[in-house]
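In what follows, a single structure is set out as C-alpha cells and then discussed.
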Amino acid sequence: MTSDKNPYKTEQRMGAVKAVSGPVVIAENMGGSAMYELVQVGSFRLVGEIIRLEGDTATIQVYEETGGLTVGDPVYCTGKPLSLELGPGIMSEIFDGIQRPLDTIYRMVENVFIPRGVQVKSLNDQKQWDFKPCLKVGDLVSGGDIIGSVVENSLMYNHSIMIPPNVRGRVTSIVPSGNYTLQDDIIELEYNGTVKSLKLMHRWPVRTPRPVASKESGNHPLLTGQRVLDALFPSVQGGTCAIPGAFGCGKTVISQALSKFSNSDAVIYVGCGERGNEMAEVLMDFPTLTTVIDGREESIMKRTCLVANTSNMPVAAREASIYTGITLAEYYRDMGKHIAMMADSTSRWAEALREISGRLAEMPADGGYPAYLSARLASFYERAGRVTCIGGPKREGSVTIVGAVSPPGGDFSDPVTSATLGIVQVFWGLEKRLAQRKHFPSVNWLISYSKYLNALEPFFNTLDPDYMRLRSVAAEILQREEELQEIVQLVGKDSLSESDKIILETAKVIREEFLQQNAFTPYDKYCPPYKTCWMLRNIVAFYEESQRVVAESAGELKITWNYIREMIPHIYTGLTEMKFRDPQEGEEANVEFYRKQNEEIVSAFASLLQ
C-alpha cells in the first residue's frame, strides 16, 4: 500500500515501538500524526493504521502478523490514510483485506502464504487499456465528470474513467484514443494557476464515503431468482439486507445465488473472517460459474471482485476488508451501475472489533462487544443506497449491501444480530430446522420481513395488477397453517373443517413447490419474475376456487376436500409440476402454458358445482 510519492524519503517522520499486544502496537515520538493515518511498522514495514492518539503516543492496529516486533523498532509515517487504487482491472481480481492482489503475490513469492510486509501494486500497471476520451481541450470539469471509457472485459464493457471527487479545473490537454497503461497521464487540468495530471486510476481513502449529488428512494427490485425472496420478501436496488443463520443453513448458497443471478451490473464479494476452506470453495467455484448475458455465456468472474480475508488472517484486516469492499462498490456505483455487495460475515468483523477493543482496555458493553458496535455497523450499512452520482452526464447508480450474520448457536438475540436488525430494511432469517429437513433456501417465512413492499408496489403492479393481493393471500395461508398445526397435533387432521383442510393442503403446495428451490437444476436454479408470478397466481386460484365450491355447496351435496382430490386429481398434480418448466423455453411459451393451466383450474371447479 505505498503512496504515489516515495514513502522512504529522508525527511519522513519516524516513531518507535513502545509496546506490542497482538495486533495492537503502541508507538512513541509520533507527534504530528493523524487519526487513521497509514504507518509502516518495524523492519518488515508491516502495514498498520493509527486508531488512537494520546500526546505523542499513538495506538496502531496492524494488518499483518506482529510476531518478532521488538521495543524500539522504527514506525514510519506515510502521511496518508489507508487508500485504494480505483481504476480498470478490479473486476475478476482477488484481493486481500487491504487490496493486495493475491494472485500477483502468489506468482511473485511462489508460496501459498503471504510473506509479511510484502509491497505490491494493487492493480496491474503494465497492462494496456483501450481508452476513448469524451472531453476536449477547454472543457470545464469537476469531480465525478466522465473523461472517457475503457473496455474492462466483455461483461464490464463500459468502464467509465472519472475525475476524482476532490478535483476540478479546465482541460489543458487530453490524449487521443489509444492504448494506455495505468501509469500514463491521460489528461491535464489547470485550476488557479496549478496544473494537475490525472491517470486512468486514482486513490480514495476507504473510511470516507464517496460523495453523491443526492440520495434517491429505491423503487426497482433486486431480483435474486429465488422465489421465496422475490415474492415474499423483496429488496430494492440500493437496499440493505441481513441473512442471519446458524452454521449449515445455506447462507453462502444464497450469497452465491445473488452473485450468479441477481440483476446487478457487478458483485463485490467480501469473505470477512470466513473459514479458509469456504473461501477456497468460492474461489474455485466462481471462475467455473457462468451467466447468460444477451444470449452469450460469460464467466461471472468478469463482473465479480473477491475480497478474501480468512479467519486465520490477522483480525484487524477484517475491518479493513469490509471498508475495502464498500469503497470498490461505491467506485462502480459512481459510473451509474447497480452493484451488489456481499459481506460474509459481519459477525466475524464484530468479533475483530471486540478483540481490539479488549486490547485497548475499553469498557465492554453487551456480550463483551464495544459500546460503539451499532454505530460502526450503521456507518457501514448507511453507505448503501440508490443515488444520483456527482458529475456529468447525469446518471443514477446503487449499492445494495447483503450482510450475512452468524449468530452463535443460531440465537437471533445475539448483540450483533439485534444491532443489525435495527439498521437493515430486509431480514431473511434462515432456520436450522428447515435446513435439516432439506428445505432450501431455508428462509423462515414467519419471522422474515421486508420493509420495501410499499416502495415496490408500482413495479409489481406493472408485472401483474393483482400481484400484491396474491402475495398477501399466500402469506396469510402460511400464517394460518402455523396456527392450525397445533390443533392437528392435538386432535388430528380429521377433526378440522373442510375450509381448514384446504388451507393445510394449499400451504403444503406453497411450501414444497413454490418456496422450495433446487439450486442445482437447470429449470429451478433461477426463477424469472413472470414464472414466480404465474405460479403464485395458479396456486391462489386453486385455493380460492376450492374455498368457493366448499362454501357454495350445501346439504347432502356438500363438497369436501377429499371429493375435490378424487374428482380433479390432475389439477392438484399440475400445481406440483409448475416449477419444472424451464425458463430456457422462452417467456411466451411458458406464460401460455401457465395461462392454459389457470383456465383449466377455473373450468374444473365450475364443472364440480354443476
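Each Cβ is built from the backbone N, Cα and C atoms, and glycine gets one as well.
Swiss-Prot lists G245, A246, F247, G248, C249, G250, K251, T252 with the feature ATP binding site, giving sequence analysis as the kind of evidence. Cβ neighbour count for F247 (ATP binding site): 12 (other Cβ atoms within 10 Å of its Cβ, all protein chains included). For the recorded site, F247 (ATP binding site), the DSSP three-state label reads coil.
Taking the mean position of the Cβ atoms of G245, A246, F247, G248, C249, G250, K251, T252 as the ATP site, the remaining same-chain residues with a Cβ inside 8 Å of that point are S406, L430, K432, A435, S442.
Ranked by Cβ neighbours within 10 A across all protein chains shown, the binding-site residues A246, C249 are led by C249.
Cβ neighbours of T252 (ATP binding site) (same chain, under 8 Å, six or more residues apart in sequence): E278, E281, V282, D344, A404.
Counted over every protein chain shown, other Cβ atoms within 10 Å are most numerous around G245 among the binding-site residues G245, G250.
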